[in-house]
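Marked as compositional bias 'Low complexity' by Swiss-Prot: 104-124. Swiss-Prot lists Arg165, Asn438, Lys619, Lys644 with the feature site 'Interaction with target DNA'. Marked as ATP binding site by Swiss-Prot on the basis of similarity to another entry: Glu414, Arg421, Arg437, Lys573, Arg587, Lys593. Taken from Swiss-Prot, the feature active site, N6-AMP-lysine intermediate covers Lys416. If you look up Swiss-Prot, you'll see Glu469 marked as Mg(2+) 1 binding site.
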Amino acid sequence: MRTVFSQIPRFKQVNQYIRMSTRQSDISNFFISSASHKSEHVEVSQSSSDSKNVDGRSTSEKRKVESVKLVDESKHNNHDDTGTQNVERENNIVSEAKKQKTLGSSSSSSDAVSSNNDSGASTPIPLPIKEPPLESNARNDKLKGHATFAEMVKAFTKIENTSKRLEIIDIMGTYFFGILRDHPSDLLACVYLSINKLGPDYSGLELGIGESIIMKAIGESTGQTLQQIKLSFHKVGDLGLVAQTSRQNQPTMFKPAALTIPFLFDSLKKIAQMSGNQSQNRKIGVIKRLLSSCEGAEPKYLIRALEGKLRLQLAEKTILVALANATAQYHADKNGEKLSQQDRIEGEQILRDVYCQLPSYDLIVPHLIEHGLGTLRETCKLTPGIPTKPMLAKPTKQISEVLNTFDQAAFTCEYKYDGERAQVHFTEDGKFYVFSRNSENMSVRYPDISVSVSKWKKPDARSFILDCEAVGWDRDENKILPFQKLATRKRKDVKIGDIKVRACLFAFDILYLNGQPLLETPLNERRKLLYSMFQPSTGDFTFAKHSDQKSIESIEEFLEESVKDSCEGLMVKMLEGPDSHYEPSKRSRHWLKVKKDYLSGVGDSLDLIVIGAYYGKGKRTSVYGAFLLGCYDPDTETVQSICKLGTGFSEEHLETFYNQLKDIVISKKKDFYAHSDVPAHQPDVWFEPKYLWEVLAADLSLSPVYKAAIGYVQEDKGISLRFPRFIRIREDKSWEDATTSEQVSEFYRSQVAYSQKEKEGSPAAEDY
């Protein structure tokens, strides 16, 4: 053993040893990551003065393990035929390290490339399952000069040090411009990594990695026990920081090859696609190999990406603006043109509009690289098979507001059905899709809808996109079922023969027909097309019931009728002219929703995230008795507490929720949860953000305890719900689709304005 360590100075001299701290920042001088799945650096303890390691083993014991690790890594690396200088350096060490093989210790599983070593005694940490090589090509990577993760991390670090949105846009715009100029083929992966996604929402690609897997990977990669990692996490509350600190404290002989963007992105996608036997061990293996190539702040952002939260103020709308600015500047420079501020503003609007219609960077980014923003609207249009973002409605507290909003314009009232928003697509080649409001592909969940298409689609409808509500239907009595019945349907692997609750489509809009987008067609014309191309089929498909009303009395009557017909209330929409156009992703005042239950309350229900719970008392001692809920601020990527909820539950509800939530309990509050730090205000347990509940409240009030929309109305106070009541679980939405902080502030302002109007007997100000 002494022989190995006595030779380290000579290895440094002969092999031109380069310290990690001198790593070059110029992207063109970075090493590109290896083609194979193995790490290109060797870990050796460089300190002979330490008497004990952090995991309690003696220095000599640690050196024995690391010596054999060094042998196995070098032996594995001999299979690399790239002939790079790094491999030659490692081969020089192999001959010395092999002399120590007789120690009898087997390689620890913390070795990022030791999975091929089948010999040796067992170690305290089990060896991972052999991992197939990740597909990459080191030689091609080096020739192409791919972008590195280090450059992205530099941009992220700058963003973490500012809260100014314009600065954040400028930082990301500059970063994207550099990628366009130097590595255009990497732009798509860079965009996805910046928004922490692996593909379009409808692709269904999600990492789905829990804290336990990440902790285990960090521990095995850095030579620490799981208990040590848990202890560090409990202290700092950020696994990214734990990984960064652990990696920095890990001695290394050589700097690792730079982690390239394509290699990282492909690795994350492979993790997302892993399933079946031993998939957990395989995921850990990939994470370890990625960590072994990280330096500086890279481990922090890698781990945060795996967790699904970068914790930067990088909302997707910010990325869109930055990407538009970078694209406009790149093509202006390329064509020798000067870019004006007006050009930038127009470019931002073009990209926003196109992305709302066609939310797929897979299709948009290649066009941006090749042609810029000028022809984007003509090329990237609404397309069957790719879900567009749905148009949303504003809530209203009183029917008179409807008449005030629409004034003398023509409008229509439609039933608001109590079901699941469904965007139905039919392509020219006969493919059928059903997408949820958050672009999830629900086709496999609704095979009964798919097989009924021929009953309600007329032959002339060759391709189309419909906006509908999927509603539970009682086929025996031919009537609507409550949403709770529809929610009992399985979400995956649904077979028609096993379906107990059938779904019926209630269509209320058509967005695309036979090759033509209809978004800029007035609603009255879209409705005519809808009625001419489709026909009702009892229990399978029908049209949303509508009535064109003109007075408060007639609207009230239609509202009462909708409630009797098992609906939630009414949707009131502009019927003619440009204001009746369909606006994807926009919550517009040209659509208003009127719900019977909410006319005297907040004006709408809220969809809130379950983030904590309080143990029950009395009859509820065996379950959670109340819950801490929060709204979501997409700009700051924070979940902000809004209320403690303890009413509206049945005993069956509480039992079900306890069994669901106990599996996602976490040891401490997430660092992106905003809630009072006062001990008396803390819940008994905290949860991972996963479940979304619909909640109704009497009204809203300012609060020093709850942090919802803090800073929107008052700098030091948030907004809370008074007398909240549980309505239902929102299985059709992800937790990131929760009611936003901005919406909460709008509800509060509307409430204050309405109160002032009643008190003073004067019209409320438009902008309170």
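Using the three backbone atoms N, Cα and C, a Cβ is placed for every residue, glycine included.
Positions of the features from Swiss-Prot, shown on the structure.
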residue : record                             : DSSP class
Arg165  : site 'Interaction with target DNA' : helix
Glu414  : ATP binding site                   : strand
Arg421  : ATP binding site                   : strand
Arg437  : ATP binding site                   : coil
Glu469  : Mg(2+) 1 binding site              : strand
Lys573  : ATP binding site                   : strand
Lys593  : ATP binding site                   : strand
Lys619  : site 'Interaction with target DNA' : helix
Lys644  : site 'Interaction with target DNA' : strand
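If you compare Cα positions, Arg421 (ATP binding site) sits closest to Glu469 out of the recorded positions Arg165, Asn438, Glu469, Lys619, Lys644.
Checked against Arg437 (ATP binding site), the recorded positions Arg165, Lys416, Glu469, Lys644 differ in C-alpha distance, with Glu469 being the nearest. Rounded to a whole number, the distance between the Cα atoms of Glu469 (Mg(2+) 1 binding site) and the residue listed as 'active site, N6-AMP-lysine intermediate' is 9 Å. Taking the C-alpha atom of Lys619 (site 'Interaction with target DNA') as reference, the shortest distance to any of the recorded positions Glu469, Lys573, Lys593, Lys644 belongs to Lys644.
Of the listed recorded sites, namely Lys619, Lys644, the sparsest CB environment within 10 A is found at Lys619.
Scoring each of the recorded positions (Arg165, Arg421, Arg437, Lys573, Arg587) by how many neighbouring Cβ atoms lie within 10 Å, the top position goes to Lys573.
Cα to Cα, Lys573 (ATP binding site) and Glu469 (Mg(2+) 1 binding site) are separated by 16 Å. For Arg587 (ATP binding site), the nearest neighbour among the recorded positions Arg165, Asn438, Glu469, Lys644, judged by Cα separation, is Asn438. Other C-beta atoms found within 10 angstroms of the C-beta of Glu469 (Mg(2+) 1 binding site) number 22, with every protein chain shown included.
In this structure, the CA atom of Arg165 (site 'Interaction with target DNA') is 32 Å away from the CA atom of Lys593 (ATP binding site). Each of the recorded positions Glu414, Asn438, Lys593 was scored by other CB atoms within 10 A of its CB, and the lowest score goes to Asn438. Ranked by CA distance from Asn438 (site 'Interaction with target DNA'), the recorded positions Glu414, Glu469, Lys593, Lys644 have Glu469 at the top as the closest.
For Glu469 (Mg(2+) 1 binding site) paired with Glu414 (ATP binding site), the C-alpha to C-alpha distance reads 12 Å. Across the structure, Lys593 (ATP binding site) and Lys644 (site 'Interaction with target DNA') place their CA atoms 27 angstrom apart.
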